[in-house]
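Let me begin by presenting the structure, written as structure tokens, before commenting on it.
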Amino acid sequence: MASGFGYSGGRSRCHAFWQEFHKCYALADKPEECVLQRDDYLECLHHSKEILRTKTIQDEQHKQKEKRAKEAAASKKKADSAAASNVPRLNVVEEKAKATA
């Protein structure tokens with residue numbers, strides 16, 4: 001954090017997180033006490049957790065889309081196989097229907 005000013009002249013988007021981290025660090029006996037504030041500030045700067053979460057969601061959506069496509073292809077193949085079977089061609093179904101009627 002160089003100056004605390006953003007590109008438009010106002011405060012930067014992460015200035016509040018920086019102030020909180022700086023205040024904690026100045027008052028802390030051990031630097032380890034300010035890990036949460038540091039993580040918040042770094043997340044504000046780099047969005048690393050947000051990017052990771054977005055990538056995870058997109059990967060899961062891609063997996064589900066592929067799974068649905070495979071299931072649709074298997075269903076279509078099964079339906080095509082049933083339609084192309086020998087039973088309708090041999091008139092077995094029609095003869096049974098006539099016999100029961």
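From the backbone N, Cα and C atoms, a Cβ is placed for every residue, glycine too.
TrEMBL annotations: computationally assigned, not manually curated.
Here Cys24 is paired by TrEMBL through a disulfide bond, and of Cys14, Cys34 its partner is Cys34. Non-local neighbourhood of Cys34 (disulfide bond): Phe21, Cys24, Tyr25, Ala28, each in the same chain, at least six residues away, with C-beta under 8 Å from its C-beta. Counting only residues at least six positions away in the same chain, the Cβ atoms of Arg13, Cys14, Phe17 sit under 8 Å from the Cβ of Cys44 (disulfide bond).
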